[in-house]
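I have placed the structure first, in the form of C-alpha cells, so that the comments after it can refer back to it.
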C-alpha cells in the first residue's frame, strides 16, 4: 500500500514537471516583418490599380488599405533588431548603419497614410494623396532593400 502511494506521488510530480515544461519558440523578426510587409503590399494593390485607372475608385477599400499601412508601419521598426542582419532577408546592411533614418521613414509612412485616411473624400483627393504614401514605400525600398 505504501509502495502504491509512493508510485502515485512520483507519477504526479513527474506529470507536473513535464506539464510545466513549456517550449517557447524564439521570435523570428525576419519572418514577422515579411508577413507585415506582404500584408501592406497586398493592401495597397487595389489602390495602386485605382490610381492607374484599372479599377474604379472605392474610398472604403482605399481607407481599409491605408489603415493596414498605418498599423504595420508602427510595428515594423522593432522587427529590424541587430540580431536580424543575417538570414533569409532582402534587407540591406545599410538599415542598421542608418537605423534612425530607417525608423523615421516608417514613422513618415504611417503619418502620411493616416493623413490620407483623413483627407481622402473623393477620387481627386485620392489621386493627390495616394502617390505620396506609395512614394514612401518606393523610396525606402530603393535605399534599404536588395534589388530583385
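Cβ atoms here come from the backbone N, Cα and C positions, even for glycine.
Among the features that TrEMBL reports, heme c binding site is placed at 137, 140, 141. Here TrEMBL flags 1-25 as signal peptide.
Apart from 137, 140, 141, the residues listed for heme c, the same chain places the Cβ atoms of 105, 136, 138, 139, 142, 143, 144, 145 within 8 Å of the centroid of those Cβ atoms. Around residue 141 (heme c binding site), a 10 Å sphere centred on its CB holds 14 further CB atoms from the protein chains shown. Around residue 140 (heme c binding site), taking its Cβ as the centre, 17 other Cβ atoms fall within 10 Å, counting all chains.
Residue 137 (heme c binding site) has a Cβ environment of 19 other Cβ atoms inside 10 Å.
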